[in-house]
Amino acid sequence: MKKHDDSTHFGFKTVAKDEKANMVAGVFHSVAGKYDLMNDVMSFGIHRLWKRFTIDCSGVRRGQKVLDLAGGTGDLAAKFSRMVGPEGEVVLADINESMLQVGRDKLRDMGIVGNVSYVQADAEKLPFPDDTFDLITIAFGLRNVTDKDAALRSMLRVLKPGGRLLVLEFSKPDVELLSKAYDVYSFHVMPRMGEWIAKDKESYQYLAESIRMHPDQETLKDMMQDAGFEQVTYHNLTGGIVALHRGFKF
Amino acid sequence: MPVLAVVRASIERALNVALANDPRAKQRLAGVQGKCFRLNVSGLPEPITLFFYADAISLLGPDYESVDGSVTVALSDLSELSDASKVTQMMQSGRVTITGDPVFAQQAAQVFLKLDVDFEELFAHYLGDVPGYWLAQGVDKLKQMRPNAARMQKRASDVLTQETQLAASPLFFALYQDDVRALGKQLDALEKRLDSIAKRSSTPPKTE
Ligand SMILES: C[S@@+](CC[C@H](N)C(=O)[O-])C[C@H]1O[C@@H](n2cnc3c(N)ncnc32)[C@H](O)[C@@H]1O
């Protein structure tokens, strides 16, 4: 059957575009409280290394303005807040109130106050003026966005000339065997762990499926270029299970 | 390399604990706060890249490019760096290269010189025992050092070779293609076990 233009993926399901945002919201409302714990358990803590690499590739400096988009519980925002210092600014933006709340509480408990603001925003329609940020990061967020092209264009708009976008996202493992093992892990082990630890199998089933449906490395690179980003490159991490894409606005 | 990233994280934690326990650390950090310093030591697996905050540091990877100042020196010359009288001569003879403000380099070093840290122990994780010992000496016992540079260099490269092997340790099995087949099997077995446990415990969970 031919897919209608107003439909999109929610994991492996095809749903109406205007439904996806609500369904994704449901997933993250549901996982917010246990999100950090599950992240550590399911990635064996390796997500911390992927995020460290993202920081390394950010080039961020004191005094700069950073947007951590789909920032959720704020791991990256916390680090950027320290790096930009009191003269800089970090905006932690997420479409989901529950995730933002968990992020806000976590950062406050870490003593991070003053240069971080929290904004509930949809990546497709960012509520910021043109040319605002030196750096935008979106970590494990883009695959949840309904219209990824619109989101990338929106990010380009709010980025300053000379600024950079970093997209950290699950991708396609570059070795067939790794790909298979990873499939077993994500479709069988991950939802089961979600059921046991977070008592929420469906959300983790969605997360696994959404990983598979996300564009591969080259496709995302093309999408970033089509949106207007320049010098787009990517770096595979953990054999391509995750990739970090980087693009600039000139 | 993921192993280096893990090691970097643990060194960072240890240095931050030491900084937190040093009542005068904040004073020393004040001068370098918000800046990034890189120490390139030829023969080491990667440069040491430090980002300074008001009360702590981050140890960044080699991909971070917004560095405010750097020092490049051979492993065998490292210990001489703490002797300010020798630095100019070393610069003139090209044995050390400093970019950025040399005062910043000195201030960056001061942050660590007075720390109560067993640098030997700390850097042993990073570089293996011998260069770890050597770097430690470089930090707090420089004056008495008479290392056999050539031997150290050789040992350092041996250790680095071992480090590469270490990278394929079981913890990081998922990262290494050779182990993937085994991983797939383990996951299959795990899945079966999960299935059987799930069947056995299929009574509905209690709600709180
Ligand atoms: C998997 S979490 C990632 C959180 C965090 N960046 C991290 O790396 O740990 C994905 C986040 O994307 C957010 N999200 C989903 N769709 C979004 C959209 N259209 N705009 C902004 N955020 C969105 C979710 O609410 C969720 O917090």
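Cβ coordinates come from backbone N, Cα and C, glycine included.
Note that this is a predicted model, so its numbers are computed, not measured.
According to TrEMBL, the feature S-adenosyl-L-methionine binding site maps to A:T73, A:D94, A:D122, A:A123.
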(Q) Over all pairs within A:T73, A:D94, A:D122, A:A123, the annotated S-adenosyl-L-methionine binders, what is the largest Cα to Cα distance, rounded to whole Å? (A) 16
**Q.** Three-state secondary structure, which DSSP defines for A:D94 (S-adenosyl-L-methionine binding site)
**A.** strand
Q: Indicate whether A:T73 (S-adenosyl-L-methionine binding site) is helix, strand or coil by DSSP.
A: coil
Q: Please work out which residue of A:D94, A:D122 has the most C-beta neighbours within 10 angstroms of its C-beta, and give that one of the binding-site residues.
A: A:D94
Q: Report, as a single number, how many Cβ atoms besides its own are within 10 Å of the Cβ of A:A123 (S-adenosyl-L-methionine binding site).
A: 25
Q. How many neighbouring Cβ atoms, not counting its own, are there within 10 Å of the Cβ of A:T73 (S-adenosyl-L-methionine binding site)?
A. 23
